[in-house]
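First comes the structure, then the notes that go with it.
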Amino acid sequence: MFSWLGNDDRRKKDPEVFQTVSEGLKKLYKTKLLPLEEYYRFHEFHSPALEDADFDNKPMVLLVGQYSTGKTTFIRYLLEQDFPGMRIGPEPTTDSFIAVMQGDVEGIIPGNALVVDPKKPFRKLNAFGNAFLNRFVCAQLPNAVLESISVIDTPGILSGEKQRISRGYDFAAVLEWFAERVDRIILLFDAHKLDISDEFSEVIKALKNHEDKMRVVLNKADQIETQQLMRVYGALMWSLGKIVNTPEVIRVYIGSFWSHPLLIPDNRKLFEAEEQDLFKDIQSLPRNAALRKLNDLIKRARLAKVHAYIISSLKKEMPSVFGKDTKKKELVNNLAEIYGRIEREHQISPGDFPNLKRMQDQLQAQDFSKFQPLKSKLLEVVDDMLAHDIAQLMVLVRQEETQRPVQMVKGGAFEGTLQGPFGHGYGEGAGEGIDDAEWVVARDKPMYDEIFYTLSPVDGKITGANAKKEMVRSKLPNSVLGKIWKLADIDKDGMLDDEEFALANHLIKVKLEGHELPSELPAHLLPPSKRKVAE
């Protein structure tokens, strides 16, 4: 008797088993989170319902910046080819949102056709109306970079009233819609004319719930000298500190992302290193895409729960017959108190609550009599999903990550930075002398030999203790010197001959110049007398 109670309880505790992360996210959303969203009209307040394409699409990169900061040129630099609809110039050229995506043939799909395509993740943009859809296109082209990621180019942010009035649609709301769905948001600034307008500040604030996705690029940095660049960088960090309210510092990449010669080449090495870091960040997106989607679903579930508590609290406070309008105004004005009460009753973090002013504005237009009371079962299902099913999916996420290559984005600008003499760091540090016929250490060997013969060699070798006395003079930590010893002691006899000692000193010099040590000794650094032994 009542055995079905036990079965239901057991079913609730056992998390579902999924084949892929994408399939699991889709099923969890449709069966567990969507019913809660629909019951409390979540989509009217926050974000449209998710579709299959939102879970299946490639990682997307959103570029945001004021006009003429180099957004379109940046995409052209990554792809190493023009894309349909591309316009570049010092004036505000890009007047549309352009989704640059992989396609078999070059072409443009207009916005109205794009939002009815179930395979594209843009169907819910339909809500922004014709004024926006006439300014939204998809540029398709065959390109190796676009096989792994898609890029969203945005119109330059204007100053003054034009930004809000002449566009005909809510620009900040559209950006927020994209920000929820993309994997990386890149804010571009022009180092030559650094200016953060009030409109740009508002846009950055609209993206404030997505700081984890944000990266900053200080572009066109080759147009100013080192001293000016330091001042511009400091000014940018100060300005961002006032707009982005996070204790962590947003990562800023400095460079010149176009294929023209550097105007002031003083900081070439810095630009190359920064470009490599940015490319590595973009290349990691396909590998981390499943984790990002899982993270976004958890974020959405937490907001949906808070929204349910807010709506049900408002419903509970409303009178059944008289004085509804007066009570509605009173509740909207006292929303901060309702937030505080929900926070205390349900132990919810203040960061999970929606923006107070925005919520008040939205509630003004709502009919409170249509709100639903608290339905515990819907919330329990979401709690169960967060506690059990998400943990199961995390295991699957890790499995999928290990099966994927570390750097999945290939082609375009990503290809030229990997190999050959123009690869990053080629011929520098431990790579110095890689193409030379002569052993690179031989240049300084006479100087190292003088030191070697003062360390009392026996049968042409010095002991580890004597070598240590000399090596610690470099003031490098023991962990680094230990690694250098392992690399230099090629025959592993615990002693160093003159060539091995010279090699150890060469590696110390490499480290002192700020380069990383190799994990294994490169072939060109092997002393000539040891090359046959190593083979």
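Keep in mind that glycine also has a Cβ here, set from the backbone N, Cα and C atoms.
Among TRP177, TRP258, the residue that Swiss-Prot places alongside GLY65, GLN66, TYR67, SER68, THR69, GLY70, LYS71, THR72, LYS220 at the ATP binding site is TRP258.
Each residue of the region 'G4 motif' (219-222) gets a DSSP state, and the totals for helix, strand and coil are 2 helix, 1 strand, 1 coil. For the domain 'EF-hand' (476-511), the DSSP-based tally of helix, strand and coil residues reads 25 helix, 3 strand, 8 coil. Annotation for LYS511 (SUMO cross-link): same-chain Cβ neighbours under 8 Å, separated by at least 6 residues, are SER474, LEU476, VAL480, ILE484, LEU517. Put simply, SER349 (phosphoserine) is 22 Å from LYS315 (SUMO cross-link) when counted between their Cα atoms. Cα spacing between SER349 (phosphoserine) and SER456 (phosphoserine): 68 Å, rounded to the nearest whole number.
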